[in-house]
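Quick look at what TrEMBL annotates:
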- 41-74: repeat 'TPR' (REPEAT)
- 75-108: repeat 'TPR' (REPEAT)
- 109-142: repeat 'TPR' (REPEAT)
- 143-176: repeat 'TPR' (REPEAT)
- 177-210: repeat 'TPR' (REPEAT)
- 224-754: domain 'O-GlcNAc transferase C-terminal' (DOMAIN)
Amino acid sequence: MPLLWITNASSCIRSSTSPRRSSQRQNFRMDASLGSKIKLSDAYCNLANALKEKGLVSEAEECYNKALRLCPSHVDTLNNLGNVKREQGKIEEATTLYMKALEVFPNFAATHSNLASLLQHQGKLHEALMHYRQAINIQPKFADAYSNMGNTFRELQDITGALVCFKKAIEINPSFADAHCNLASIYKDMGNITEAIEFYKNALRYKPDFPDAYCNLVHCLQIICDWDDYHERMCNIVMIVTDQLKSEKLTSVHPHHSILYPLPNKVRKEIAIRHANLYSEKVRMLTKVVFNHNCKSIDRIRIGYVSSDFGNHPTSHLMQSIPGLHDHSKIEVYCYALNPNDGTTFRSKIIKEAEHFIDLSKITCNIEAARKIYYDGIHILVNMNGYTKGARNEIFALKPAPVQVMWLGYPGTSGADYMDYIITDEISSPLSSTCDFSEKLAFMPHTYFIGDHRQMFPHLKNQYKVKTNIETKNEVNDAIINSSENVDIENTFKVDKYIETIKFENCEKIEITKRIIDIPNYVTEITTNSRRVQVLVSGIPINNGISINYTNKKVASGEEAFNDIIFTSRKQYGLPNDAIVYCNFNQLYKIDPFVMETWIRILNQVPNSVLWLLSFPAAGEPNIRNYAQNLGLSPDRIVFSKIACKEEHVRRGQLADICLDTPLCNGHTTAMDVLWAGTPVVTLPGETLASRVAASQLKTLGCSELIAGNRQDYENIAIKLGTNTEYRRYIRAKISKARLESTLFDCEHYVRNLEILYEKMWCRYKNGEKPDHIKVS
């Protein structure tokens, strides 16, 4: 947010009615000498402003000081010199100057706004709001103050307050491009992408050279798969980023978004470095606090996990069991929540199983939050956010722990000199990629990814294929029953259970248990109605799979394990019973024109096949359909479903035959979800960590044959799975068996290896050695 500089106003003493005009000081009697000094102070102030604009900061500062020596109460100079001190990181001096200006002239709206901005950057958000309000009370048409106050509300996660402020700023100044951009960003945060696009376009109409608005607009268009002028937009993004890096500016492309654009990894790293430096500069401006660390002998390593996602969020779905599985004789676990308690079991489980749980959402000042971590004596502090929503990287920039580590929540480098390691694996981040990271690589032995699916969804371990009268040449899962291990389903219904040995060419034989259940056909018909929550069969209730969100919210969210019998069918989702169903359950922003064209070629090569996607977001669905139709694909070959609750989302993955991963940015949690459902994932690793995660998951399962070497290989694997029934049966059996036997979903095994890495990190620090690449032997 720009600082407000005052020029062309005699301002030694001001009336309460105007911050600007010397002519309104007629109520004060001045002698000629004082008037002369004021005029000379005005001249020095204006000269200083001109020098500052030319980048001659030292000369400008000297002129401001001359103005103040002539007239110590010259409020314009006090304000402008305060701005200089702030830019120099001299926060205390800047604050003193602003306060002095307000002492002389309490109704100085510009200084109230500048002081509010300073307080906002210090994390003193409520104090900032107070000064913004004072600025607006003095100057009701102060559009800048409204816009900046909106940003403060946004930081406080007060969406309503932010919306009101941005709309008011636009009402005052309809061509205020920054306010249009800020309002668009709020709509984007809310998931209202269509509105966001409209206001980013408004911002660009009023200010065509506005990189922040343009880059955010491009990202919104990517979210809804609007690929008109796609190649031109990509070229523009590359040009903007290149120019900004050359001029040493903060890039308008966010680090997390950089994986979506055709940028070299070197550039992606530099984008991250710029953003990391921003946090370093911010904390240097705000404080001189330095945390000193020592290498004294300890009984246990204190690990501090920092996250804004301790609650109902994919990150907690993955790692909620990790704190409780640590060996507490070696590790002392602290969890620092950056988000308020959402009241879910995910949160309460972590609170219960971590030895120490601290809610930092109540400590909005980053310096105080860092001080709390430091006083807790944390040895290794783990950043689980990176550049995702809710992050507070200022805490890490203050370096409150001697060793600081990136883990799980962000698939890329931090670019920060205050982060020592990133926990990864040799598939996701091969040693050849070390130059793409500012951190040293800490390699897990299989995959750095983990999922708690075995604990959350034990009822999906076994599938009971529903016997139907439909004749089909494809062996597909058109209707499935799952049940809790506590239910004796095999003595409740007629179940044909047998061991089957599955072979394919020269591959190793696989033995699996087949379970075919015989239930009446009317169950399939009745359960297409979500209001019919159960169906009775021989007096036994079977839950309707599309109604779980209405019957038990905690089971639906995955907070509690399902403890009954549940029915899922293709008919519930409008999927053909006898078709080969390819699926992808990622958010649509991970799809680009290249992979869409690849998927269409696959569908054209596999008769009677469909592509199953999510309306995530709904605004993307018509764009995908139109693009596919323009390439000659029949509209009925793509089936969209709504976003579902977590349990249904994972369970319905059983109905698909093959999952086609997105090479641009893989499914990470979604790939784990589909694999737990027993459905194979075909992936094509790229050059980024984010594009290689699914490959590391498949390697851990022992299913490397699903990892493509290039785009043609990706197509060939997908087509072979779609057209060769025996191969598809073999691969599905292999996935189904491996998910239960491999380490991919074994949280306890994962924690033991994670602890080895922590011990190695600490050992290096204790021995006075710099961080270096490490791995579990």
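The count begins at 1 with the first shown residue.
Just so you know, glycine gets a Cβ as well, placed from its N, Cα and C.
Within the chain carrying the repeat 'TPR' (109-142), a Cβ under 8 angstroms from the stretch's Cβ atoms is held by residues 1, 3-4, 6, 19, 75, 78-79, 82-83, 86, 91, 94-95, 98-99, 101-102, 148-149, 151-153, 155-156, 172, 282, 285-286, 364-367, 394, all 6 or more beyond its ends. Across the repeat 'TPR' (143-176), DSSP helix (H, G, I), strand (E, B) and coil residues number 27 helix, 0 strand, 7 coil. As a summary of secondary structure, the repeat 'TPR' (41-74) carries 27 helix, 0 strand, 7 coil according to DSSP.
Across the range of the repeat 'TPR' (109-142), the DSSP-based residue counts are 27 helix, 0 strand, 7 coil. Summarised as a single figure, the pLDDT of the repeat 'TPR' (75-108) averages 94.
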